[in-house]
Amino acid sequence: MIVNIIGAGLAGVEVAWKLLNTGVKVRIFEQKPKKFSTVHKNPNFGELVCSNSLKSESLNNAEGILKAEMNILDSLVLKCAYRCRVPAGKALAVDRDKFSQCITEHILSFDNVEVIREEIKSIDLKEDEIWVVATGPTTDGEFANWLSNLTGGFLNFFDAVAPIISGDSIDFNKCFFADRYGKGTSDYINCPMTKEEYERFYKELINAEKIEMEDFDRKLLFERCQPIEEIAKSGEKSLLFGPLRPVGLIDPRTGKMPYAIIQLRKEDENGNMYNLVGFQTRLKWPQQKRIIRLIPGLENAEILRYGVMHRNTYIDSPKVLDEFLRHKKFQNLFFAGQITGVEGYVESAATGIFVGINILRFLEKKELVALPTKTMLGALLNYITTSKQLKPMYANFGLVDVKMGKKEKREKLHKICLEEMKKFLYMLK
């Protein structure tokens, strides 16, 4: 039986990786390069369209626990992330082009994979084939209409991406390398601002022209990817407690903490490109250039990619899917990735691993399995398939139901999660 996967993003490639390694015939439908969404540029698989960071690796962090669980389950995304990483303190950041190339090469190395570079418009749900919808949050066109009819409509939210600038256009005489509180390996470039410089920047930011979006609703902005200009609307000091917070950073030229800081993170290993951390925006492009050049050290910044906003689409999973991320009516149709309501690169990839595991069991005529809810991934999947009012969700400590205080959870939860995941893997074998 052939397994058809629609979409070769982070979720789709994890499903494929799990199946291909066991000899299952896989057919991947990927519309790139014939058709690109508004945020996709690279024809390779596993393209990162927002930040190049896969968040923290620390086991005192929910994202770090999720990565550790995925490593137990043999994640292709993490395998390539480690191979293509760039310095980013405690975060796992990657050279996005090398990362996508790595994933693509791994998938195409199998003889039992067929890749069809075409846009899918609908699915014939005949019972002799399995289908996986992993089309991501930018699902659109005729397929989106077909899927909407199948699932009873979509839920939506908006998020934005940050600009990327050329490394050789940064004036390093006005910036300094450091990580907060002196932790890490000083991988971030910090652009310090005085009170006067910040006030000028803030005034220009809130008065800058924005690109209008159809049906835009500020209440539908995803909290992690809010445009910087929307955060600024909350008050003049809102950025000082958000993306421009200076805490934990000392300017070596003054020996003092600056009034505000804008951080830059490497996009590639050689430092040819940097992204502005927390600077997601939907300002008009000439306005982005003008305002970025108000930042000390970036007066001559060359923008390689401008920030943009896009609408993200996901299905109402509790109504549509069972606990295995399978359609409640069509037993040969699975879903994976952000289309299910998870949020984040790692979270999306993790759902693909889970779906791959259960498709293998389906093919072997075994009972499908749910993950223990005392794993980070299991708790996340439980949320998106049972929530009474689904909102996009990323890995966090609140999902895992254990009787611990906040401090104890941060220190000990990883032991419980990883032990449960190892037991799950042993049960599979």
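Just so it is clear, glycine is given a Cβ too, placed from its N, Cα and C backbone atoms.
The FAD binding site feature in Swiss-Prot is assigned to Gly7, Ala8, Gly9, Leu10, Ala11, Gly12; the stated evidence is sequence analysis. Around Gly12 (FAD binding site), taking its Cβ as the centre, 30 other Cβ atoms fall within 10 Å, counting all chains. Annotation note: Gly12 (FAD binding site) sits in a helical segment as assigned by DSSP.
Residues Gly7, Ala8, Gly9, Leu10, Ala11, Gly12 make up the record's FAD site, and a Cβ search at 8 Å around their centroid adds Ile5, Val13, Glu14, Val15, Phe45, Gly46, Ala134, Thr135, Gly136, Ala336, Gly337, Ser348, Gly352 from the same chain. In sequence order, Phe45, Gly46, Glu47, Ala134, Thr135, Gly136, Gly337, Ser348 are the residues of the chain that are 6 or more apart from Gly9 (FAD binding site) and have a CB within less than 8 Å of its CB. There are 36 other CB atoms within 10 A of the CB of Ala11 (FAD binding site), with all protein chains counted.
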